[in-house]
Amino acid sequence: MYNVIFLGAPGSGKGTQGEVVAKELKLAHMATGDLFRKAIECGDELGDTVKSYMERGELVPDEITISVVLKHLAGLTDVTGIILDGFPRSLRQAEALDEALVQQGQGIGRVIYINVPGDELVRRLSGRWVCRSCQSPYQSGCAEVTKGKCSRCQGGLYQRPDDTPETVKERLKVYFSKTAPLIEYYRSKGKLSEIDGMAEISEVTKRIISAIKCGK
């Protein structure tokens, strides 16, 4: 099984790229954000806890994140590989993932870091709208946002509570203080490929696929 990690700050496009690249390379796509949102929708104690952290722009504690993600990964048996989007987000999570994969006779094949400047991240996130049905993202000013409908499924659009300018800045502060060290962690292992996230979306996709194939 070939496992790939996507690193990048909120708004870097790693979610969009993860879906596209997973489809192109026939890999499973696991987005931590989606797992958390499903937990919130369940309305149980775990979901309420996750919701409280996300609304404050804080990272969900390691012990909760690790438990949720590893449980999901254990159920993905009939796949050729996995793209992990949004996990790990701390060195502790990375070490827990390494340990779990070793126990399964697996490892990390390549780590993709999508690099986008901070001011651009704030602009992207503050203007992001999301479909309530399929979670497709849109930017303020586009036709879909003007109409208030998703072009994929016709679902209604909304702005997430954690996409306000104030919360966005806090999320980025948390990211760069707690998650950025992962870049050096994986670089030291010779697994990291840094991709310029300011390029056209299609070009970013090409560069990511090339990096993954070269890393095999």
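Each residue, glycine too, has its Cβ placed from N, Cα and C.
Marked as ATP binding site by Swiss-Prot on the basis of sequence analysis: Gly11, Ser12, Gly13, Lys14, Gly15, Thr16, Arg128, Ala199. In the shown protein chains, 28 other C-beta atoms lie within 10 A of the C-beta of Lys14 (ATP binding site).
Broken down with DSSP, the region 'NMP' (31-60) shows 22 helix, 1 strand, 7 coil. Here Swiss-Prot flags 31-60 as region 'NMP'.
Feature annotation from Swiss-Prot assigns AMP binding site to Thr32, Arg37, Glu58, Leu59, Val60, Gly86, Phe87, Pro88, Arg89, Gln93, Arg160, Arg171. Annotation for Glu58 (AMP binding site): same-chain Cβ neighbours under 8 Å, separated by at least 6 residues, are Glu170, Val174.
Across the residues of the region 'LID' (127-163), the predicted structure has a mean pLDDT of 91. Annotation comment: Swiss-Prot describes 127-163 as region 'LID'.
As annotated by Swiss-Prot, Zn(2+) binding site applies to Cys131, Cys134, Cys150, Cys153, with the evidence given as sequence analysis. Under the DSSP three-state reduction, Cys153 (Zn(2+) binding site) is assigned to coil, being neither helix nor strand. Shown in sequence order, Cys131, Ser133, Cys134, Ser136 are the residues of the chain, 6+ apart in sequence, with a C-beta less than 8 angstroms from the C-beta of Cys153 (Zn(2+) binding site).
Within 10 Å of the C-beta of Thr32 (AMP binding site) there are 20 other C-beta atoms, taking all protein chains into account. In the three-state DSSP classification, Lys14 (ATP binding site) falls within a helix. Counting only same-chain residues six or more apart in sequence, the Cβ atoms lying under 8 angstroms from the Cβ of Cys150 (Zn(2+) binding site) belong to Cys131, Ser133, Cys134, Ser136, Tyr138, Glu144, Gly156, Leu157.
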